[in-house]
Amino acid sequence: MNHIRNFSIIAHIDHGKSTLADRIIQRCGGLADREMEAQVLDSMDIEKERGITIKAQTAALQYKARDGKVYNLNLIDTPGHVDFSYEVSRSLSACEGALLVVDASQGVEAQTVANCYTALDLGVEVLPVLNKMDLPQADPDTAKAEIEDVIGIDASEAIAISAKTGMGIDDVLEQIVAKVPAPRGKPDAPLRAMIIDSWFDSYVGVVMLVRVVDGRLQKGERFKMMASGAAYEANNLGVFTPAQQSRDALEAGEVGYIIAGIKELKAAKVGDTITLEKKLPNNLGPATEALPGFKEIQPQVFAGLYPTEANQYDALRDALEKLQLNDASLHFEPEVSQALGFGFRCGFLGLLHMEIVQERLEREFDQDLITTAPSVVYEVVKGDGEVIMVENPSKMPDQGKIQEIREPIVTVHLYMPQDYVGPVMTLANQKRGVQMNMQYHGRQVMLTYELPLGEIVLDFFDKLKSVSRGYASMDYEFKEYRPSDVVKVDILLNGEKVDALSIIVHRSQSQYRGRAVAAKMREIISRQMFDVAIQAAIGANIIARETIKALRKNVLAKCYGGDITRKRKLLEKQKAGKKRMKQIGSVEVPQEAFLAILQVED
């Protein structure tokens, strides 16, 4: 065990994490040069294109150090984005060390800070590394000062590297061997292994990536999950180098995979502990307590996904089920909307997660989708004291039956150059934010706000990028539910509610939002043969109205002079026809109308 080193890499998007991983794998001969490709560990196309890592991946590498000994290095690649923060914390807790990669030309960013704090909380040894030193605008001194200021770890011995050219890679490996502690585990205790990640393979079922903490697991042994109690047989186990390589046993301190013919990803939850099923003569039996830190992931953001053609419903369900095989944090259930027909209510970890799911559905499964406005989960206390969770505006009970509504509040860390503090604070205040803290680190400022999650999910991130010209970065974590004066605004067309257009907003903005949506609808819905009234209402109170005037045919064109009664008869006849049409005619709500809600500007 003394020759094992488990480490991961923490970095902001685009600071060169995957490139560094490629270099380390190449240096340790993990893949032959012909198998090397850019971003080896990012296996999904969308990961490569967006330059982000979504699922954790690993590589077990052999490195011959300068002291002549051979070390087993386990590189555990972590996702870097705030939506996947639970997966990050699980990946990090499987390591003893982490490389903090900072782009020497840009300095520290908010997500790096968030993940770095997670690592320090878990007691992981953090080694700072300055990447992109081959760039002319690299400024190592400022970057070092920022690391010390913001994260508070000593950066005087930060290693200068360039992952692109391969400079300094050996120094990094030597530092890992020298500074990262060997795994702390008991080889002779009952088996305990933590699931770092799991994914679905169409041939063998679920593949679990695990870190063995105590004991050992042999091929063919039966093991059980401690959270669910389900038991399976380990048909196949081994390590990734990043290519799959079978072994007979996984020992304490190692990181490897287990294949046990599990059909559903839900059975292998990230963060769960694996132990042996029962005591046999040749083993130590099950462990008594699970490893700490496991929690069920709760979706934070909900949106409706509907197929554009009604006959595509089954195809969409298949696509979602297949996606769920590889993404246990995606929740969905069927729902029916009067306006959009059959579809699904989906729950996501955050906005990036939602975008990725949508993009994968469109790209990998050729689905044409309509997405309703994203909403968050509200806690509603009904008149009789019952508490329900409402994740869909159309499910909100009537105003009269509600005692109070609580909305989710998140703590947001905003990180930006000091020139943009003003505009960013204005934006946060518009979104009902409460400032909690403000710290200066050199030229960078870190603002801490408490904001309602409902204000963030719509367009906060885009606005933040535009007011700070792209320099600000943010990360957020859920804090609590808090009573709030929010109301549901319904949109009516000719007195009929259109459920998919309902929104939940704070009372102070309800008038304004209602008017804005009604005005937007007026632009989008085409003119009919009769007047169309668009109304926004809170309960029975109408707060805004727009009217789309009818198209009109001139029935008097054929009359010439003559008696007024003749003209009046024709006009009355037209009026009666319009009235009859208005009673039976329905208004087609075009696709754009549902997206328009998202674009209603503040």
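We count from 1, first residue shown onward.
Cβ from N, Cα, C; glycine included.
Swiss-Prot lists D14, H15, G16, K17, S18, T19, N131, K132, M133, D134 with the feature GTP binding site, giving sequence analysis as the kind of evidence. When secondary structure is read from DSSP and collapsed to three states, G16 (GTP binding site) falls in the coil class. Cβ neighbours within 10 Å of G16 (GTP binding site), excluding its own Cβ and spanning all shown chains: 24.
Summarising the annotation, Swiss-Prot assigns domain 'tr-type G' to 2-184.
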**Complete:** Row M133 (GTP binding site), column other C-beta within 10 angstroms, all chains, value 21
**Message:** I'd like to know which of these binding-site residues, S18, N131, is least surrounded, judged by other CB atoms within 10 A.
**Reply:** S18
**Asked** Does DSSP give N131 (GTP binding site) helix, strand or coil?
**Response** strand
